[in-house]
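Peer 1: So that we are looking at the same thing, I have put the structure below in structure tokens.
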Amino acid sequence: MPSSPTSTRKQTNFTASVSAQSRKSISFGNPKSTGGKGYAGANQSKIVASRTMTFLPEMKPAEKLNIASAKLVQVLDPRGVDVTPRPLYHPDPHAMPTKPSKLLTSQEGSMGSDYISSYSLYQNTLNPSMLGQYTRSVIGSSSTVSKSSISTTESMTEDLEDPSYKRDRLASFADVRVMRAPAEAAITKEELERNVEIFLMETETLRFFDLPTVMISTDSEEAEKVIEKNINYEILCRNRLGNDLYVERMMQTFNGAPKNKDVQCDKIIMEEKGVMATTWDLYDSFNIPEASLAAKRSAYLSKASLLVRDRDPKIQDSESSSLMDIESVILAKSHEDEEDNSEKILKSDKLHQDLFYMERVLMENVFQPKLAAYRQLPIYKELEPGQPEEDLQVVNKVTEDEVKKDEEEEMETELEIEITTEQSTIPANLERLWSFSCDLTKGLNVSSLSWNKANSDLLAVGYGNFGFKEQKRGMACCWSIKNPMWPERIYQSPYGVTSVDFSISSPNLLAVGYHNGTVAIYNVQSNHNTPVLDSSESPQKHLGPVWQVQWIEQDRGTTGDDRREILVSISADGRISKWVIRKGLDCHDLMHLKRTTVTSSKKGIEKEKKGEALISRQAPGMCFAFHTKDTNIYLAGTEEGLIHKCSCSYNEQYLETYRGHKGPVYKVTWNPFCPDVFLSCSADWGVMIWHQDNVKPFFTFYPTTYVVYDVAWSPKSAYIFAAANENRVEIWDLQISTLDPLIVNVANPGIKFTTVLFAKQTDCLLVGDSDGQVAVYELRNMPTPTESGRGDVINVLLGPKAN
């Protein structure tokens, strides 16, 4: 292949050896050829062009110094100071800046084949795909190598061999200051193994509200698609009903596990307020302001009557509105004064006392027939309204009957005989009058009843459970016959009340025994709920439930005129104690109940029967009863089923022991007419009548298979007593029968009778149950007591056994 022409300015042989000068060539040839250098174009004529370009060697150091020593242009001011402007651009001395050349520009405004030859400077072969968009212009420029291409090659050689470019580059090296990065220190092995602490901190949580819209404007591009989609959905819903293409299927979804959260808030305080307006309040509030307003209005109108006709109607309207404002101000002031007075009135003690008596009057009107039957008074029927003439006729007839009273005396005697015969045919029964109960006593067990010694209309009731595991809150209430709907006094306690009793010498004192062993004394005259005295801090307090408390008057001297009152209590800890009121409650033990061994007689020889070892030497006490005449003697019932006769003078031994019951003795009471006879009941379902001179019972009654909780003698007959079983109340009359009770009253399902008590002055019986109710029953058609001595009658009934 012939060599390409070289530049005319420098006649340098391009084929010289490599050691003489550095050579770089750009050749175009067939890429498949291994010996030659060339380029295969995309032209159909397959014209091959070969060029060889030679670059000048690098400049010598002497030339560099000459170029650097060349002084640049300096600007001096009149004083001779160098004010030459500093260059804004400082090129990197280590970077090889691109030489401004004409490689990428064509002489004729378009790129030719010479550009392609320079592009393959460091490549032996060039793929046509690398030419890109320039392939078309290069191939389509000409099919043969023209003179213009030769001239272009010559210009390229001039640009490559132009020493001015290198001089400019060396000159820029002298003015540029290079800042090199400091060399990084080598990391040792210890530094690599060192623990590095990394602290992770939570960034602030940013919340962005994003609510995608569900509406699209009708002018938007998506409006047509949305409208079409909605129309298709409506058509789908219409075609779904009755279509065979749709089938209903059941799906099961998983609900997330619920999470409970506790929220605590302040206590909400509720207050109830009531307002009462009576007719006279309304009358005063409307009439008094109107009178004052009328006087002021008349005075005001009299002064302005001369100018009314000449005034504008607007002025008249303003005057009427001002009068209305004055009236409203006066009414508001009067209401404020009434509110201030009403608060004082509602908080006054006088109002509370008046309301207390008013409530009693209303209750007596409501319960008038029942109260009349309780007091054994005639019952008056209410007169029907609208018949005053008939009432007057009745009154006149009553007066006429009183005049003819003498004439009818003989007739009355005959009628009495007939009435007695009729009463003998009608059996005795119980009629319920009312019950003492309220919301506070609902569900509580009535444990004890006691009448006030001075006021027979006042009744004390204790509420508490007998079982140890059934303990709830306790309460002691004072009820009055005049108000059966709400108690007069309420003494609440966290412990159950087991016994209550009023004092004899001081009727205002109420003794209360609790299940925790405390004995408390309340003053019923005051409204305070705190006890006057109690044994909660006494070192000698009971350690078990106090099953009974009773006030006893004991003789001090031999004559019996001087008496003092003591409070006696019996507890499950086996102690019978007396309490004396001094500065506090002083306790003294009357008896320590001890367990006794069972003895049996065989062939006249008494032998002690061996029993099991006793867990406790103390016998729990359940009840006691002091003799009606000799207050130094008393009976004590125990949990063993024994009844001990004790004396206040001996506290170590018993006077007598009565054996008959097989279970705990719940109640012992003396006959009020025969002081030697007493009555007892037990958990062994039995009721027994005893004589104090005989250790065996005279009568034993086992009418049912239920526990007998309480018994009581009648205050009007020595033969009659009442017993409270679990499911019924029995009235016994020993004069009529000793086998069957005279009256039986069965309890409601789920209710147990617990206590009984006779009224003092009337033929009524009070029965307490397990639901917190104290029912009052009237004894009707009871047999009249005999006229003979009642004390002798019971002795005659007992027969020779009592002697």
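Cβ atoms here come from the backbone N, Cα and C positions, even for glycine.
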Peer 1: Quick one: sort out which of 88-109, 330-351, 770-791 is the region 'Disordered' according to Swiss-Prot.
Peer 2: 88-109
Peer 1: Over the span of the repeat 'WD 4' (660-700), count residues by DSSP class, listing helix, strand and coil in order.
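Peer 2: Taking the repeat 'WD 4' (660-700) as a whole: 0 helix, 19 strand, 22 coil.
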Peer 1: Could you put numbers on the helix, strand and coil content of the repeat 'WD 3' (616-656), residue by residue per DSSP?
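Peer 2: The repeat 'WD 3' (616-656) comes out at 0 helix, 21 strand, 20 coil.
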Peer 1: Report the DSSP secondary-structure composition of the repeat 'WD 5' (703-742) as helix, strand and coil residue counts.
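Peer 2: Taking the repeat 'WD 5' (703-742) as a whole: 0 helix, 18 strand, 22 coil.
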